[in-house]
């Protein structure tokens, strides 16, 4: 048994003579190195990787019978598993023009790692003198001892013994026997693979193996592959590439040899999801009211234009222009709401189809596709590591097949604090995840679970739950102490190692210069890891190649991939809690920090997400991707299954993503600033779900990987023929295109084959990444369990074991997260997350809808995800400012919905147009908020007089708006207070952040000037016991100036209006009432803003009221003195002081 350190055949930089002309220029050659246990680096060049270890892959054995399915040589999975263990204990670093190194780490954190999957897990030491490496181990952490004498030997020493020592055990001095390893392979339960054909890549072999599971007739009663029956029925030959390929390349049921038996096809087919229609008693009046209000608005605007106010034409003109825009804006917002829908999933059907033993899946193994979960963080100071760690723990404990789940953490700051916090989370997961599985815990975020304000023992039936919960709570408290103490621990460790380095440097100088006096030696102060080596990322004291914008790419497999079969706990494993008969496996957990170098545009979060897409495609290649912010955790452990119901249902192959609503914790009970945003998430998004799908909102979204790659949906030509197809029809070749190539069509490519020469220009040079695309597309197809299911895959095709990780795979992942990889490719332009906007989420979703994809909105009974939102006024305004700035950028870019393709539906186009236009409403809103004050100051009104016609129109428009709101509340399930809070903050944001976004966007587009609105001062709260203390913190920002001005102007105007009317000879009460009514309308909407300025509840300073009253009285008297009523010759008119 032996294994290579690196297999160079899947290199990003590998190039062939055939593709030399079509690939972009390659950067300098990357070399690979492995750090041995003694600290020495062994370097490999790309040319001699295969030749150096090519002859030592397997131990020599004698073949008595030619290799057949019944007579296989030693299973290579043993050596691959040892290689995988080596990979999980190594920190991979590299990047542009640098060596890719695998740094073998003895420990990742200061505390001891106990789980066998975790990097740096404890184990026996090698018995070879001078070697302190760990002994090879299996899934349970038990030592793998290749000799009967049980001599403990590590991987590297074993390879040396086989290669250079003649295969002799260093302990008993006898030859290693293959029989022991064969028994281990048989006990593992992994089916023995056929020997791969020469020249076939790993991804091609995997795709071939998945497609070879066509019919139940090909399975024996034991669940193993019946080769003899297959040979008889198909007249096939051995080899991965020859196993039961359909004649037309698809699984549409046209050929008798690929369809299921008729008795199975006649079985009642049950859908995974169903659409719940809104009751007609609610929806019909709702649509009728929309039409009525449209008609009334049209008549009102016509009447307003035809009846000007000749006494104040300027006031009338401004009001009419604003009202026309408001009507247009209301139409853009209301039209996409014509077709709201609700949806429901059936998890029992999902379990029956994918995880129940059947003829296609006798063992009942999960046939669900893999999911890669992305968690993004950038700054551990702004995003506390404890919050991120809790999010990761909720992901690792999700109720989804362990072997199909992978979690990738993107640390865009490259901080050691985040790295060690993730390692601590992986260590605590050893206790937390089995505890959740054993007692069916909800939610599976430990911080949220232990802070629940309800009875934790409700519905818990196991007798040991109380004891287990108490012990896990104690462990979690210790875990929090370790996480919170990490900054100080890293600082002390780094100081100690730095002092030792300085002392050693001074000693070396004294030896070299005996005569010269010793001077202080200046050594860059590095940040040190737990194993006593330099951290390759960002140092606490930034240095060259170790700063936030200049560091190497880093990948660390925190938890190596789990075994394919369940690993149940035993009585011997019981330490803190009893885990007997509980699956103790943990999902794959990978820490990723992409390479950053000066001079490169790293494109913020979108660039980090694209780096994760490429790295995950190489390491796990889950066909679906769930992205979460570091403060959004899985609140419903079934959330992934709920989303998978839509993806795996009939027609699900045309769904690009499933968007979940955002729910928040820590919001004040009154939701003063509409942080819950329920009108958007429960009204607008449900309505868009009935058109072409909801927009992507940045987190809590389950993506189809091939949709992110920029491919068109399957059958896109069939669903959307295009506007020119009738004039310029193409002649199609019948039966010449395989289903997978039709499913991987991009842009304007024809129906036959994609131009393979253009693929590297789109995705980059990584052949491994390119080969993973058809595999991800095939795995993401729904089951072909019904004749109506198009573009399906055969049942049981995803029950095959995953590919084991090796060092060359991780080295390839290092290459694709390099800063140069995206150069001259379409990443960020057509592929992956789209660059060029601060709201990259909306643009990314828009591009998918523009290609004809559909999206789905999944509202679960129990919230799928929960997160945090800013409850402080200033923080909320800056959040809205960022969103509005992104919308303005979208409006002035090629992503404007006016330029959308014919594949986007009309109402969807209107919704995206509204996304780009809504900030411009702030210009008209600001003017309209000042109109009541101008009316009161001037004594005029927007109409000549308050006649019956105007009041009738006004009443009808107001009543229809209120009735529409009531019906929206009925079909969406929100509350009236939430609707009113949304209306209030619409005006607050419209008069502050939206206006600033428009100014910022116009300056950027017209003059190229970028302005950032930042905080200028801050006053902290003084009550640490108040959960909502941050709500009352007042932080001054320039965004507050317009709303404050509007409030003060309207208050003064009311006072002036009352004074004029009271002291007038002929009071104009109708104009006063009109102006005061609209002023109060403005002030009522700005009430939460005014409350936020006053600070803490019940602590409004008295001086505020005193000064407000004095200012109002002073201005009133001043106005009367300047403009006294007619017929009076003295100041103040007829009024006299006593």
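Note: Cβ is positioned from N, Cα and C throughout, glycine not excepted.
Features of the protein shown, as given by TrEMBL:
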| type | residues | note |
| --- | --- | --- |
| COMPBIAS | 1-19 | compositional bias 'Polar residues' |
| REGION | 1-36 | region 'Disordered' |
| BINDING | 376, 382, 383, 412, 604 | UDP-alpha-D-glucose binding site |
| ACT_SITE | 412 | active site |
| BINDING | 605, 629 | Mn(2+) binding site |
| ACT_SITE | 841 | active site |
| TRANSMEM | 911-934 | transmembrane segment |
| TRANSMEM | 946-967 | transmembrane segment |
| TRANSMEM | 1044-1066 | transmembrane segment |
| TRANSMEM | 1072-1090 | transmembrane segment |
| TRANSMEM | 1102-1122 | transmembrane segment |
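Annotated features, which come from TrEMBL, shown on the structure.
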{"residue": "376", "record": "UDP-alpha-D-glucose binding site", "Cβ contacts under 8 Å, 6 or more apart": "410, 412, 605, 608, 609, 612, 627, 628, 629, 630"}
{"residue": "382", "record": "UDP-alpha-D-glucose binding site", "Cβ contacts under 8 Å, 6 or more apart": "none"}
{"residue": "383", "record": "UDP-alpha-D-glucose binding site", "Cβ contacts under 8 Å, 6 or more apart": "377, 630, 631"}
{"residue": "604", "record": "UDP-alpha-D-glucose binding site", "Cβ contacts under 8 Å, 6 or more apart": "412, 840"}
{"residue": "841", "record": "active site", "Cβ contacts under 8 Å, 6 or more apart": "696, 697, 698, 833"}
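Apart from the site residues 376, 382, 383, 412, 604, the chain places the Cβ of 377, 378, 379, 413, 605, 608, 630 no farther than 8 Å from the centroid of the site's Cβ atoms, the recorded UDP-alpha-D-glucose location. Here UDP-alpha-D-glucose is bound by 376, 382, 383, 412, 604 per the record. The longest Cα to Cα distance in that group is 15 Å. The Cβ neighbour count for residue 605 (Mn(2+) binding site), using a 10 Å radius over every protein chain in view, is 19. All protein chains considered, the CB of residue 629 (Mn(2+) binding site) has 22 other CB atoms within 10 Å. Cβ-based neighbour count (10 Å, all protein chains) for residue 412 (UDP-alpha-D-glucose binding site) stands at 22.
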